[in-house]
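S.K.: Structure below; questions to follow.
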Amino acid sequence: MESKGSWTVADAVDYKGQPADKSKTGGWITAALILGIEIVERLSTMGIAVNLVTYLMETMHLPSSTSANIVTDFMGTSFLLCLLGGFLADSFLGRYKTIAIFSSIQALGTGALAIATKLPELRPPTCHHGEVCTPPTAFQMTILYISLYLIALGTGGLKSSVSGFGSDQFDDNDPKEKAHMAFFFNRFFFFISMGTLMAVTVLVYMQDEVGRSWAYGICTVSMVTAIVVFLCGTKSYRYKKSQGSPVVQIFQVIAAAFRKRKMEMPQSIVYLYEDNPEGMRIEHTDQFRMLDKAAIVAEGDFEQTVDGVAIPNPWKLSSVTKVEEVKMMVRLLPIWATTIIFWTTYAQMITFSVEQASTMRRNIGSFKIPAGSLTVFFVAAILITLAVYDRAIMPFWKKWKGKPGFSSLQRIGIGLVLSTAGMAAAALVEQKRISVAKTSTNKTLPISVFLLVPQFFLVGSGEAFIYTGQLDFFITQSPKGMKTMSTGLFLTTLSLGFFVSSFLVSVVKRVTATSMDGGWLADNINQGRLDYFYLLLVILSGVNFVVYVICALWFKPTKGKDSVEMEKGKSFSVEDC
């Protein structure tokens, strides 16, 4: 696999386009330079997202439901744009250029947000408790939206390439470097979690006590610094050539199958077209038989090259292995669809739960906890759950069941159960909070904010299970050449979860609001029934879990060349996007 006495990497080149020299390119140093970009991205995006709802309500004077939807739309768009970033990296730009371009876009967005929160002309006049507040102008909201969606665009492009480019710095065919790559991904998740932890503590505190413009300015300077450091490694990186977008292959199989939809299937699958070597083939399956017609050999399927060699037209004829690869992606869809609701409940942790916290007593002695910093319990739950799973559950499970831990589908199921329990706890706490609000005239209610800890902890623990489970599942159960795409597919569950949250909030607001009051999601959270909304999510999550179990029992993993890639995929999967 390697040449020149194993000193060069066969599938990687240096910045000049020559075979990458192991002694001069790749390794831990270059991977660390790439990791810095992702840490700063997490610091910026999460630092903005978890405390944005308080800015929209208190400074921009927007209603509660509108503020929540702006945050969820922002986060949903960030994850959805991972697909765009992945497509550009795979088909045109490559990972290095994609990271450089989109990190610059994010720096531009955070810089614009720092200016938007600094200049008085870009926000409405200050409004005191009990006064009628002036809403923001269209111009002020336009500047805010431009800033936020520049950040979303930058985040989407970055997340699609950072971890993949980091893995490119290690030779998968060298046992020593392969072990380093697995270690890199384990530490990758840890460091981005620490970046998130800094965001919800230090950065949120700065926003509330020092000034948002200062906090966002620090994010901008940090990203510019990270970009400069990243570019300094240009001559030391290993680069891998783009193999094209797998989306094209999927459309080719569908087009070929549709073209031959009226043809009869041969009596035996041995008559279907296959051009892959024996060891590289995927075993034929009986599911989605309509796609098998793409592998039927028909007249006109082959074209002559200038050398007189007959080759198949990929839009007319696909091999059995290519058809099975598309089937593998189709099999992911039911699991994909039933994990969306988790991220809808997750969205409540950075929107309505922060609004709840802003009305409650948050003092520890003379220190007042910023409302957005309550998400520190969410991040802590993730870190604690991962540590307990790694140090206690996995060894116990291996000793009892002979397996190294829960399967990916089991982890997803556990995550769904925990998130449902988290919403139930949130509903109970909100009922208590509302009862106190009805008897109090103070802006800060005489009820401890620490009552919110259970909902943060349960949903946070759920994320630890479902995030790792989804990544493992989508990577190991997808074709090797479509792993970047499958990771993007996973991230669309986050995106759609946020958009579903926005949709539910809009529908509930419209259905429950009357001329007399604001309904469940009133502009003033103390006058609404947020607990009913949480109970609705509990019901939806419960129904979704039943459907998920059915889909998990239906799912059958594919046997073939990618089966041997499963353990490799686990190390590659951690936060791939």
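Numbers here mean position along the shown chain, with the first residue as 1.
Just so you know, glycine gets a Cβ as well, placed from its N, Cα and C.
Annotations in TrEMBL come from automatic prediction, not curation.
In case it's useful when we look at the structure, here is the feature table from TrEMBL:
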- 28-50: transmembrane segment (TRANSMEM)
- 70-89: transmembrane segment (TRANSMEM)
- 96-117: transmembrane segment (TRANSMEM)
- 137-158: transmembrane segment (TRANSMEM)
- 188-207: transmembrane segment (TRANSMEM)
- 213-233: transmembrane segment (TRANSMEM)
- 332-349: transmembrane segment (TRANSMEM)
- 369-389: transmembrane segment (TRANSMEM)
- 409-429: transmembrane segment (TRANSMEM)
- 449-468: transmembrane segment (TRANSMEM)
- 489-512: transmembrane segment (TRANSMEM)
- 532-555: transmembrane segment (TRANSMEM)
S.K.: What else in the chain is close to the transmembrane segment (532-555), if you only count residues 6 or more beyond its ends and a Cβ gap under 8 Å?
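M.R.: Residues 331, 334-335, 337-339, 341-342, 344-345, 348, 352, 409, 412-413, 416-417, 419-420, 423-424, 426-427, 430, 504-505, 508, 512, 520-521 contact the transmembrane segment (532-555) from elsewhere in the chain.
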S.K.: Hey, which of 96-117, 188-207, 213-233, 369-389, 409-429 has the most Cβ-Cβ pairs under 8 Å against the transmembrane segment (332-349)?
M.R.: 409-429
S.K.: What stretch, picked from 96-117, 137-158, 369-389, 449-468, has the most CB pairs under 8 A with the transmembrane segment (70-89)?
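M.R.: Out of the listed stretches, 137-158 contacts the transmembrane segment (70-89) most.
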S.K.: Is it the case that the transmembrane segment (137-158) and the transmembrane segment (96-117) touch, counting contact as three or more CB pairs under 8 Å in which the residues of each pair are 6 or more positions apart?
M.R.: yes
S.K.: Could you check whether the transmembrane segment (188-207) and the transmembrane segment (96-117) come into contact, where contact means at least 3 Cβ pairs under 8 Å with the two residues of each pair 6 or more apart in sequence?
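M.R.: The transmembrane segment (96-117) and the transmembrane segment (188-207): touching, no.
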S.K.: Hey, which of 28-50, 369-389, 449-468, 489-512 has the most Cβ-Cβ pairs under 8 Å against the transmembrane segment (96-117)?
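M.R.: So the stretch in question is 28-50.
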S.K.: Do any residues of this chain, six or more beyond the ends of the transmembrane segment (213-233), have a C-beta under 8 angstroms from a C-beta of it, and if so which?
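M.R.: 29-30, 33-34, 36-37, 39-41, 43-44, 47-48, 99-100, 103-104, 106-107, 110-111, 113-115, 117-118, 203-204, 206-207.
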S.K.: Of the listed stretches 28-50, 409-429, 449-468, which one has the most C-beta pairs under 8 A with the transmembrane segment (369-389)?
M.R.: 449-468
